[in-house]
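What Swiss-Prot says about this one:
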- 22-194: domain 'EngB-type G' (DOMAIN)
- 30-37, 57-61, 75-78, 142-145, 173-175: GTP binding site (BINDING)
- 37, 59: Mg(2+) binding site (BINDING)
């Protein structure tokens, strides 16, 4: 995809604060510090439009970005970070589920999993939830540059087995080397233009 224009639109916590549902949307979900913001910056060829942090739990709101005036990218809060207050953690689950449930322009979800880690219960629950609600999704394995090629293949195989799916359904990704960027755009294009 040729990126001509990208802009941050707004942050939200509830449906009344969401952007008007005028454009197709792709949402990005995953654990805290899995690299959602870095992945979005890599996809849109920007270094810092989406705020990144080495501290988990930085994204605490649903952030909407408009790409080329016709596609909305949505950065969801990360889940699973214990050092965020219990009150905030308790709000994230319902906030994300509400967005995923009511957003009629949502066309695809990109679920990010750190390639160095085994999938956790939350990832399996999300995949089951996406499937039950007939929401198309892709799984991206982030931080591939942190592993050797041999270790990447070993981990891809283990993660695919843990998720009960074929390896070719997983996209290895690195924001540092841009590995997987073109493939992810191809997959998104297929989902957005069936």
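Including glycine, each Cβ sits where the backbone N, Cα and C put it.
In this structure, residue 33 (GTP binding site) belongs to neither helix nor strand by DSSP; it is coil.
Here the binding-site residues are 36, 143; the one with the fewest Cβ atoms within 10 Å of its Cβ is 143.
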